[in-house]
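Enquirer: Below are the features listed in TrEMBL for this protein:
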type	residues	note
REGION	1-24	region 'Disordered'
COMPBIAS	9-22	compositional bias 'Polar residues'
REGION	46-103	region 'Disordered'
COMPBIAS	46-76	compositional bias 'Basic and acidic residues'
COMPBIAS	84-103	compositional bias 'Basic and acidic residues'
DOMAIN	129-151	domain 'C2H2-type'
REGION	206-248	region 'Disordered'
COMPBIAS	239-248	compositional bias 'Gly residues'
Amino acid sequence: ITCGKENTEVSNSRTTLSTRHNLANADMSEKVGAYGNKAADAGFRRKWDTEEYAKKAKEKDEEERKRMQENDELMKKGKRPRKRKEDLPKPTELMKQREHDLELDKNLNKTMIVQNAGGRGPGQPGFYCDLCQRTLKDTSAYLDHVNSRQHLRRLGQTTQIARSTLDQVRARIALLREKTKEASTARSFDFEKRLQEVRDLEEQARAEKRRRKQEKNKPVETMVVEKTQEDESMATMMGFGGFGSSKK
């Protein structure tokens, strides 16, 4: 009888614990958490978009492949390869034509005073890129840099060029034809103008030559007249007649 009573008490205690557990779960399910969902709901946990991260991984692999190709080209030219990780902005537009001249020959045949020869930044000998904060030593390196993927990425551009439409090509051809026609007309006009200038210069040269010749001959005639007058005066003083025959 004692064992049966103990078993009954154990069973009752288990039932009581189970009931309390169910009541506690019910209370937990009714409570609302800080994120506005129920406390027993595990849906607040962060979910990963596998497709999005697969796309990012694919883009990263593509960028790495392009970087390796670019490094191969740089190493063939004897240049230093680009680093693996660079914080470059994502391009938002295709490559566009430059709207300003690079002025690569603006300092040609000029002597310049270098103020920051041993430092970094602008003022060093060469060409300085304000966008990338780099100094290139010659025009070839600077031109390669402004056309590089790194520089274009900082401008927000890709290395791809927009494909022109048929109407754009026709408009461009018409514009080039008009420019060629204007240049040809201007060249013809300049030729006629230059020819007239040459003729005027030749006429001025001939007139100057005639004037100099006249000035050169004038003193000789004056000297001959003065010499004749002196001879006649001397003959008159000495009582001689004029030299020459006279009719009687």
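Just so you know, glycine gets a Cβ as well, placed from its N, Cα and C.
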Enquirer: Over the span of the compositional bias 'Basic and acidic residues' (46-76), count residues by DSSP class, listing helix, strand and coil in order.
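Expert: Helix (H, G, I), strand (E, B), coil: 27 helix, 0 strand, 4 coil.
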Enquirer: Looking at the domain 'C2H2-type' (129-151) alone, can you tell me the average pLDDT?
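Expert: Here the predicted model's pLDDT, averaged over the domain 'C2H2-type' (129-151), is 87.
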Enquirer: Taking DSSP states H, G and I as helix and E and B as strand, how many residues of the domain 'C2H2-type' (129-151) are helix, strand and coil?
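Expert: The domain 'C2H2-type' (129-151) comes out at 11 helix, 4 strand, 8 coil.
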